[in-house]
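Please read the structure below before turning to the comments.
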Amino acid sequence: MLKIFNTLTKKKEIFKSIKCGEIKIYVCGITVYDLCHLGHARTFVIFDTILRYLKHYGYQVKYVRNITDIDDKIIQRAIKNNETTDHLASRMIQEMYLDLDILNILRPNYEPKVTDHIELIINFIRLLIERNHAYVTSDGNVMFSIQTVYNYGVLSCHKKNQTFTQRNIRNKMIKKDPVDFVLWKTAKSGEPYWISPWGKGRPGWHIECSAISHAFLGKHIDIHGGGSDLVFPHHENEIAQSTCAHHITVDSYVNTWIHTGMLTFNDEKMSKSLNNFFTIREIIQKYDPETIRYFLLSAHYRKPLRYSDNNIKNARLSLKHLYSALHGINFNPIVQLYDNNSEKYFISKFNNKMNNDFNFPEAYSILFEMAHALNIAKIKDHVRAKSLAAHLKYLANILGILYQDPEIYLGYNTCIKNNKQSLTVEKIRELIYMRENARKNKEWQLSDKIRKRLTEIGIILEDKPTGKTIWRYN
Ligand SMILES: Nc1ncnc2c1ncn2[C@@H]1O[C@H](COP(=O)(O)OP(=O)(O)OP(=O)(O)O)[C@@H](O)[C@H]1O
Ligand SMILES: [Zn+2]
């Protein structure tokens, strides 16, 4: 029986989907103004693993993760770079794919961009105004009126007056109440804008998730997720908007709220604004992507995880131990998996750990028990060894690890020591495939970027007249 900790009720609850066998999940995505850092990676690796487990559990999953491609940070960065917000956002979206794909994060079913859904956001705001939950200020902003929500603070336990900050004091003159938040922002001169009933402007941040999740998943969602930094104000405001717009209760909006613990560096959230971040790109120059993924899942998903070289090195050792157990066994992952039921014991232990609010560290410990049994079977019982190896790989794949050939992985880590390459063969092929597609679509910038990246790590590409590319180590 699957139990998940629900931030709304603050307890572990037995999970039951709204519709039998199907799950609708919405996760707040990236604001695309710069490269993704390891903090973003932690949240998305965690949700990717949760999704993989839910599928293994037998659910059909509809996963939506939005892309915030217009907001203040994007506007400021675009001005600084002397490029349009559109150009900056689409560049960063391509970079985001390169970075998240390399960590073996499967893509969501839908990744709606805010700028593609302005009309439905405007309609959502209109509904809130009609229902007297929002008002237009003299300068053309639309504000959400927190006083109209009787249970504001239900998710985060924030009291209404606690939201009163210095920033709000500055806007006091035009808001009815300093705690109210913006739904539609009037465009300043030179800023990108969309035409609305309230003038030229752009949506506020919170409203995009209410409007987009409703458009893609309907009024009632099984799971809504994000980092724990989003509980307040972002998710609190989303609850206010969605429940008021649709006249529904909090629990008929989202059944389970899942929040991930922050990746920290020097005891603070890793973030751009604190300038204490490492981009995914920087890190995979130093460690292989699978080690990074392993590291990101090495603490309970709700707890903070401390970034340190030592912690990553430990992750590398653990992964090496698992790959070494698999090494030297000639097994067929599919055949051995279905031919043999003897590993039911391990599968059920693994499932129990994951059913207990996705306890990744304890799920890892089952993989180590299997590796131990496998190391013994390798000497004594080859048939059992093959079965164990297939099951170990199968369960590890649910966590998104052990997807490489042990031979390549173990050889690869030797290369890392010699600083010769920093990508697995599988990932190199993936990048080449992406580049071939980019070339087909005449996206020359992207294709050049991939080539440059591969050259940097010592891979030489040769483009054939057929459109195919062959590669070799320099
Ligand atoms: N250090 C972190 N650890 C875990 N998750 C994080 C971290 N930083 C951001 N996230 C999560 O990544 C997702 C995308 O975040 P978003 O693009 O809004 O970044 P952000 O919080 O503004 O970070 P930054 O200010 O560094 O750009 C959110 O779910 C957010 O909670
Ligand atoms: Zn959101």
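Here the Cβ of each residue, glycine as well, is placed from N, Cα and C on the backbone.
For C28 (Zn(2+) binding site), applying a Cβ distance below 8 Å and a minimum sequence separation of six or more within one chain yields R65, N66, C209, G225, G226, G227, L230, H234. Secondary structure at C28 (Zn(2+) binding site), taken from DSSP and collapsed to helix, strand or coil, is coil. The annotation Zn(2+) binding site is assigned in Swiss-Prot to C28, C209, H234, E238.
Look at K272 (ATP binding site): DSSP puts it in coil. According to Swiss-Prot, the ATP binding site annotation covers K272, on the basis of sequence analysis.
Within the same chain, residues 67-69, 71, 73-74, 76-78, 88-89, 92-93, 95-96, 99-100, 227, 262-263, 269-272, 277-281, 283, 292, 296, 307 sit at least 6 positions outside the motif ''HIGH' region' (30-40) and bring their C-beta atoms closer than 8 Å to a C-beta of that stretch. Per Swiss-Prot, motif ''HIGH' region' is recorded for 30-40.
The motif ''KMSKS' region' feature in Swiss-Prot is assigned to 269-273. Same-chain neighbours of the motif ''KMSKS' region' (269-273): 34, 37-39, 229, 262-263, 307, counting only residues six or more beyond its ends whose CB sits under 8 Å from a CB of the stretch.
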Fill in the blank from the handout: Ordered by sequence, the long-range same-chain Cβ contacts of E238 (Zn(2+) binding site) under 8 Å (at least 6 apart) are H206, C209, S210, S213, H224
Fill in the blank from the handout: Densest Cβ environment (other Cβ within 10 Å) across the binding-site residues C209, H234 belongs to C209
Fill in the blank from the handout: K272 (ATP binding site), Cβ-centred 10 Å count of other Cβ atoms over all protein chains shown, is 17
Problem - Zn(2+) site shell beyond C28, C209, H234, E238, criterion: Cβ within 8 Å of Cβ centroid - result: W205, H206, E208, S210, H224, G226, L230, H235, N237
Practice task
Let me know the model's mean pLDDT on the motif ''KMSKS' region' (269-273).
Solution key: 93
Completion exercise
Among binding-site residues C28, H234, K272, close to ligand 1 by Cβ (under 6 Å) are C28, K272
